[in-house]
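**Q** Got a structure for you, questions after.
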Amino acid sequence: MQNKFTRNVFFIPYALWIALFVIAPLLLILYYSFFDIEGNFSLINYRKFFTPVYLKMTLSSFWYAFLITLISLLVAYPTAYLLTKTKHKQLWLLLIIVPSWINLLLKAYAFIGIFGTYGVANSFLEVIGIGTQQILFTDFSFIFVSVYIFIPFMILPIFNALDELNPALVYAAKDLGASGWVTFHRVIFPLTIDGVKSGCQVVFIPALSLFMLTRLIAGNRVITLGTAIEQHFLVTQDWGMGSTIAVFLVIIMFLIMLVTGKRKRGV
Amino acid sequence: MRENLSPGSKLLLVVIFFILYAPIFYLIFYSFNSGGNMINFESFTLDWYRELFHDTRLLIIVLNTLVIALLSALISTIIGVIGALVIRDFRSRQAKNTILSLNNVLIVSPDVIIGASFLILFTMAGIKLGFYSVLLSHIAFSIPIVVLMVLPKLQEMSPTLIDAARDLGASRFDVVTKVILPYITPGIFAGFFMALTYSLDDFAVTFFVTGNGFSTLSVEIYSLARQGISLNINALSALLFVFTLVLVIVYYFITQRNKPSGMGVKR
Amino acid sequence: MTDKTIIRFEHVTKQYDQDSPVLDNVSFEIERGKFYTLLGPSGCGKTTILRLIAGFTEASKGDIFFNGDKINNVPANKRQVNTVFQDYALFPHLNVFENVAFGLRIKKMKNAEVKAKVQEALSFVNLAGYENREIREMSGGQRQRVAIARAIVNEPEVILLDEPLSALDLKLRTEMQYELRELQRRLGITFIFVTHDQEEALAMSDEIFVLNQGKIQQSGTPIDIYDEPINRFVADFIGESNIVDGKMIADYEVEFGGKRFDCVDQGFNPNEPVEIVIRPEDLEITSVERGKLRVRVDSQLFRGVHYEISSYDEDGNEWLVHSTKKATVGEEIGLYFDPEAIHVMRLGETEEEFDKRLESYHDGVSYAK
């Protein structure tokens, strides 16, 4: 009896945290989504969300997030695969992760310098004869920098999945006459799909909600759901509309987690 | 599989590592440029560092950032560890899974949503935006990370260790202080460290809840970067990079030292 | 109950949720200073008994007594028993000395005393000089000894051992069997040892409890249990057995394999169906003419000490023979055995009825119902 009591006392801070900082904020967002900018209860925000302006923005946000995820995956998978083949692979992996611990803003700031009109990138283009281009504030720079930032997060789960893969399975496939490519797409890839899924999850959801990069690197050319939320909350002060977009973002987030959710298979 | 990587594979890895690190070294390199921009390197100077150390406003912001990071990491570690201990004691699988799902909400939620919802929360609760709102937010988003770092350690601990301690006369309190806590110390360190880096790195959440009078480094860099290039930031990023490296090395050694903890029947 | 009794179970049942009970209405007594073994297949409830004595789990029904006091609600840390765990459960963050000292430190014993006691306990298990080693630097056998030292240093009245030898290799296991038995004699305290290995149980115990499906099937000395198994399960579990169906014609006369044989069992109803056990080592290979049974050799394995020969009689019963003589596969041979080698088991007999019947042999009184 006394044990149960002390245990409950100890649970209070954590339970409070769940109530105040996990459940309450989600409910508050839902609550605020039903108020217009004057503070009257209405469904206008939801009606607005289904107008072409917002739907187009949602679609383009999805499109950019999709591109960023896809390119990250295409770069990360081979990299992770090669990393598992190196000696001291844990050390190399650590070196891949270190840049992700450098403040995000600093990395974005570096690219402002690199992609700037007189930056390194343009000097390079000048040298190889293409000539100076507008790089900063384009779709290209936005996607490039986003991929740059997300790459370590994509590599990590794929690396772990590949690392856990029993090498005997690869030998078995080869032994049974499978070529390199067949081995990859019939054995290695299916067995590491969980790593790919969680990689996509940790890239896609943040990519939908980036707002700092859209301002610094894309020069407001790209508007993601995140940018829109930030805009409504901090610039136009229309918390209702911001909350409505947030509600949809949360729904999308749960849907993505359902799709990429891990289903443990055998072994 | 192959013992050595083919030259093409090596090249790919080299390119990846180059792209990952180039922007960081690019920033650091120009922090020694007397030219005042990131285009032409004129001559070596430490002026930017000197200026940095004379910028009281910036130094106060650095101090704020560190205080927030240390305090939030400390408090979230305490709450998180207690939370993990209680979660471990949950008998019902369903209750455990529910708690864990709630725990993970803040980890998968995009920063924008956390920031926006906390902004609503603090406004409704009448908490003035500033030091306390930032501290509370950082504690809130660090707790689930600590739980996730500590819980696996707790779960890998053989339940017979607790039985053994009880058998040898240990009270429930003794079991926690003499057996469980020493056992999960590496997990606690890892959790504290992750909380620290999350706090130091955070931009989006802080940006929403920081108000006018208070600023952290990330927010400050953002506003500086929006105004364009200033080599102060380069100098700052060089220092931060060194700081991060030190943290990484310390972390690496802590985890290495704790790794070969032979236990039970594992031979 | 006598004062020799240290632990007593009275109608103890342990049940989780709605599952069938892990332990089903079990009663027994444990005497001071003996080496007991709880033997049975996995899931038979043997470890549950140990956990009930240690206090890691509570009985659903029934009472447990220790030195005459009911201990159902005494927490594990207040019981005068110590456990050696299957995975040793040594604390990885403490070295050998501190592992052994753990219980003494909890009791807030003085440093000098702790030191003396730990050293004594370690030298008891031949680990003197290993005080400052880390657990991960110790081999499996050494960890085993640390675990034992950690238990005995607290001077408990009973030591519980939960399959402590199962993680060791064969040679080390045999060595530790001798050592444990020797240790128990020197300490003179009660050991309750759990195992699923029948050879281990036979070699070490004063008393064996054979368990199956949450019930004690039979208890007794190793010789009793080996020679007089109460039912098919015990006969099968302890050693290898030939078990065939038969019929008790009259006292001292039994029929199986289509023939009648003399035997030493009595006290059955006329023509009562029974089961017959003959141990493979009690069967002797001889010529077809001289044999009591006529069998055809089916296969043969060389086991080192003996040949293990599998053969079948005309009724299709398998007869396993352990013999130093070689047989030829496919050949017909005769099997000879003494009347004493036949052990007759009554179907569905409880341990009490069985004991009563055995006693009646000694009294020489016929006990027909």
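Just so you know, glycine gets a Cβ as well, placed from its N, Cα and C.
TrEMBL lists these features:
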DOMAIN    B:62-251  domain 'ABC transmembrane type-1'
TRANSMEM  B:12-32  transmembrane segment
TRANSMEM  B:58-87  transmembrane segment
TRANSMEM  B:99-125  transmembrane segment
TRANSMEM  B:131-154  transmembrane segment
TRANSMEM  B:175-197  transmembrane segment
TRANSMEM  B:203-223  transmembrane segment
TRANSMEM  B:235-254  transmembrane segment
**Q** Taking contact to mean three or more C-beta pairs under 8 angstroms, with sequence separation of 6 or more, is the transmembrane segment (B:235-254) in contact with the transmembrane segment (B:131-154)?
**A** no
**Q** Take the C-beta pairs under 8 A between the transmembrane segment (B:99-125) and each of B:12-32, B:58-87, B:203-223. Which stretch has the highest count?
**A** B:203-223
**Q** Flag the pair the transmembrane segment (B:175-197) / the transmembrane segment (B:131-154) as in contact if three or more Cβ pairs fall under 8 Å (sequence separation 6 or more).
**A** yes
**Q** Can the transmembrane segment (B:58-87) be said to touch the transmembrane segment (B:12-32) if we require at least 3 CB pairs below 8 Å and skip pairs under 6 apart in sequence?
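**A** Stretch pair does not touch.
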**Q** Mind checking which residues reach the transmembrane segment (B:131-154)? Cβ under 8 Å, same chain, six or more beyond either end.
**A** 64, 68-69, 71-73, 75-77, 79-81, 83-85, 87-88, 103-107, 114-115, 118, 122, 180, 183-184, 186-188, 190-192, 194-195, 198-199, 202, 205-206, 209-211, 214, 216
